[in-house]
Amino acid sequence: MTTSAAPLSQDELKTLVGQAALKYVVAGEIVGVGTGSTVNKFIDALATIKDQIPGAVSSSVASTERLKALGIKVFDANEVTSLAVYIDGADEIDGKGHMVKGGGAALTREKIVAALAQRFVCIADESKRVPVLGNFPLPVEVIPMAAAQIARRFEAMGADVTAQIRMKDGAPLVTDNGQHILDVRGLKIAEPLAFESEVNQWPGVVTVGVFAHQKAAVCLLGTAQGVQTLEY
Ligand code: 5RP
């Protein structure tokens, strides 16, 4: 009689890809670190090789706290001119490495650190892979006084499109940058580059959670068959 192993849980897949990302860390170089539950697994793995790197540039207060708690030095983004690699999760990733990010409200700093990096390595479980971006509500960081105006502009894009301020404990969530998040539902983002460019220039938009200009170069995807490496 043969017994088959239980399928890996989503948490175990996150651990696998977090550990797999270590091979993209360049010894002697500062590494860019994203935000989220998958990145937390990467940070835990990074602690095991912390003596090989000067430290990290972090994309959120939460990741900074975790990095420091594990004894990894955190550099300010203004202290570095370039990073070899940025490692982060995603809420969705399409077949070309374009992503939706910001489920953890850290999209602005994530995009800033990603823009410093020569290579974006995305770590994700297979539930994040999509043919077209838009199923996950699109996070958009906005200046609070522009929120209603920006919501109307999104809602004018289609009858099914809605945009709502993300709430936390009964009040608008406040990002690490002191701003608010709109979550936009009902979009189908078939042309991510053009969409990102357009929305980014609306007055009051701080950052749109489409990462097409800063897309992934590699995705380490956690699947039932193990870690798949996708290159774009
Ligand atoms: C945070 C992000 C995260 O990368 C994204 O939400 C994925 O998170 P998780 O690894 O917890 O699924 O963009 O702003």
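Cβ atoms here come from the backbone N, Cα and C positions, even for glycine.
Marked as active site, proton acceptor by TrEMBL: GLU110. DSSP gives GLU110 (active site, proton acceptor) a helix state. Residues near GLU110 (active site, proton acceptor) in space but far in sequence (CB under 8 A, at least 6 apart, same chain), listed by position: GLY34, THR35, SER59, SER60, ASP88, LYS101, GLY102, PHE211.
Within 10 Å of the Cβ of SER37 (substrate binding site) there are 14 other Cβ atoms, across all protein chains. Among the features that TrEMBL reports, substrate binding site is placed at THR35, GLY36, SER37, THR38, ASP88, GLY89, ALA90, ASP91, LYS101, GLY102, GLY103, GLY104, LYS128.
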Near LYS128 (substrate binding site), which residues of its chain come within a Cβ-Cβ distance under 8 Å, counting only those 6 or more away in sequence?
GLY89, ALA90, ASP91, GLU92, ILE93, LEU221
DSSP three-state assignment for LYS101 (substrate binding site):
coil
Which residues, in sequence order, are found in the same chain with Cβ within 8 Å of the centroid defined by the Cβ atoms of THR35, GLY36, SER37, THR38, ASP88, GLY89, ALA90, ASP91, LYS101, GLY102, GLY103, GLY104, LYS128 at the substrate site, excluding those residues themselves?
GLY34, VAL39, ALA106, ALA124
Under a criterion of Cβ-Cβ distance under 8 Å and sequence separation of at least 6, what residues of the same chain contact GLY103 (substrate binding site)?
GLY36, ASP91, PHE136, PRO139
